[in-house]
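Below you'll find the structure, written out as structure tokens, and then a few comments.
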Amino acid sequence: MSHKILLVNGPNLNLLGRREPSVYGHQTLADIVATLNQQAQQAGVELEHIQSNAEFELINAIHATDAQMIIINPAAFTHTSVALRDAMLGVAIPFFEVHLSNVHAREAFRHHSYFSDKAIGVICGFGAQGYEFALSAAIKQLKG
């Protein structure tokens, strides 16, 4: 059985490298995904990626995936999207939640997540490296 992981990135992450680099770092999303693709390939795992600023596109991708694991950075949808949470619960695919910044050290409204209580794990505050940690953990979960 081949292993597949879906990487889901929410709104404004397409601006990585330009948007508040002091908070989110200087790497672009393309840079991050390239690193993750290399990591996945070395582990013999397929990585599928979607980034969208539109909630319905993320939901449709989650509904359509045949992945066995999801890594999600819901971005601003973390604090607002019951629909995206319901999509994750509806497909019942285990997932890791990732945030580039330490959301708990930021504004109070960023402290609540609609996903954390259902995630296998939550990784925040490590910048782009957080995705690598999540991918390593997901691969370990899949391969036992």
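Glycine is no exception: its Cβ is also placed from the backbone N, Cα and C atoms.
Model, not experiment: these values are computed from the prediction.
For reference, Swiss-Prot has these:
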SITE      R19  site 'Transition state stabilizer'
ACT_SITE  Y24  active site, proton acceptor
BINDING   N73, H79, D86, L100, S101, R110  substrate binding site
ACT_SITE  H99  active site, proton donor
Between R19 (site 'Transition state stabilizer') and L100 (substrate binding site), what is the CA-CA distance rounded to a whole number of Å? 12
Can you tell me how far the Cα of S101 (substrate binding site) sits from the Cα of Y24 (active site, proton acceptor), in Å? 6
Got a sec? Which of these binding-site residues, N73, S101, has the most Cβ atoms within 10 Å? N73
For Y24 (active site, proton acceptor), the spatially nearest of the recorded positions N73, H79, D86, H99, L100, using Cα atoms, is L100
